[in-house]
Amino acid sequence: MQKADFIDRIVIYVKGGKGGDGSASFRHEKYVPKGGPDGGDGGNGGYVFLKANPNLSTLLSVSEKKKYIAENGENGKGKKMHGRNGKDVVIDVPVGTVVKDFETGEIIADLDKPGMVVCVARGGKGGRGNVHFKSSTMRAPKISERGFEGEERKLVLELKLLADVGLVGYPNVGKSSFISKISNARPKIANYPFTTTIPNLGVVTVNELQFVVADIPGLIKGASKGAGLGNVFLRHVERCSVIAHIVDISGMEGRDPVQDYFDIRNELEHFSSELAQKEEIIIANKIDLISKEELEKRLEKLRKETGKQIFPTSIITGEGIEKIVYKLAEIVKESKKFHTQSEVVNEQIKRPKPLWKELPERFNIEIIKEGNDFIVTGTYVEEWAKRLNLNQKDGYRKFMELLEKNGLEKKLKEAGIKDGDTVWVAQRAFEYKE
């Protein structure tokens, strides 16, 4: 048994892989002196997915990394060989995780069933190889496209926690002490009624199993009708696997543990018949405060009157705690197995189209003048510069033709350019000549 940090809200960065670049290769084969273009397309970038895993109860494992980046697509190759697609990243999150966009707050997904999958970052599409650019006027195109960048965003993951174990019992029977002993929860503990005013949630790890324990506060006689605080908090345990009912077996406060049990049991039945039918164990706390003879008498009476399995313990000394935790883990594991089989959504990972943007051949050009320097800019100027490989002869030529077609010369003259001034295009400098 180990204690697990409880984390229910995190921010992560996700990015799809970049598409691979297309190839600008040519056939080089014996007896084929003028082999044509044979450059293959780049592979698509990998995607990032979130998947609801019923075996997780906290976002701790996800929070250990801040960035999740899928693999880039492989570049295209000769012989019309496509590059390999980048590997996806699949992030397991607990069932009940709500996914929001960090910037807008928009809810992207509510992963409320085991096995649900959502794509949160698409990979970029691979660039085209030079086989796509062959034409009657360009028989040997030395041009290819660069792959498109993958989608990137920041996400907020929030966990709507569903308790696996609901702790019930009168105030001061030791619920808060018990949950702090077995988990990471650290409730304020004092000896007066209604000490706990919000549900304390703790995460316990037993071997590979994580489960959530909720300490339901203020549950007293009349709670189902709104007395105390119980009516508000009973909802937190409606979907739990097991009710752990803690009683003060010592009776030090003058109450009868058997009567206490039936009082609380009655409230559960009034609130929800479904809740009342859940598996239940009774934890008889404060065994260190009475003699062994008196303890045996009281335990026997409790067993006989309730017909339930009784687990004697002293939360203060720790006696009997481990046995209780392993019993709870056994019940939760069986319940999870049943619910997972009945509720699981066997979703195949659906891959939307990779990220890609068709660029128009007609667009606006802007000129920024800084002394004798004239910087050519504009949204599509930048995007075409990224799309085409300007180190390739025909790629550079196509880029300059696009600029000329969209009035580069006219724009420069309107900006007051003179012979000998410097023109900057895509981080390259040229001397302007009339």
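Cβ coordinates are placed from backbone N, Cα and C, and glycine is handled just like the others.
Among the features that Swiss-Prot reports, GTP binding site is placed at 169-176, 194-198, 215-218, 285-288, 314-316. Packing around ASN172 (GTP binding site) is summarised by its Cβ count: 19 other Cβ atoms lie within 10 angstroms of its Cβ, all protein chains included.
All protein chains shown were included, and the count of other CB atoms within 10 Å of the CB of SER176 (Mg(2+) binding site) stands at 23. The Mg(2+) binding site annotation in Swiss-Prot covers SER176, THR196 and is backed by sequence analysis.
The feature domain 'Obg' is assigned by Swiss-Prot to 4-162, with sequence analysis given as support.
Per Swiss-Prot, the feature domain 'OBG-type G' maps to 163-333.
The feature domain 'OCT' is assigned by Swiss-Prot to 355-434. DSSP assignment over the domain 'OCT' (355-434) gives 29 helix, 20 strand, 31 coil.
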Ask   = Where does LYS175 (GTP binding site) sit in the DSSP three-state scheme?
value = helix
Inquiry  = On the 0 to 100 pLDDT scale, where does the domain 'OCT' (355-434) sit on average?
reply    = 92
Ask   = Between SER176 (Mg(2+) binding site) and GLY169 (GTP binding site), what is the CA-CA distance rounded to a whole number of Å?
value = 11
Inquiry  = Among the binding-site residues LYS175, LYS286, which residue has the fewest other Cβ atoms within 10 Å of its own Cβ?
reply    = LYS286
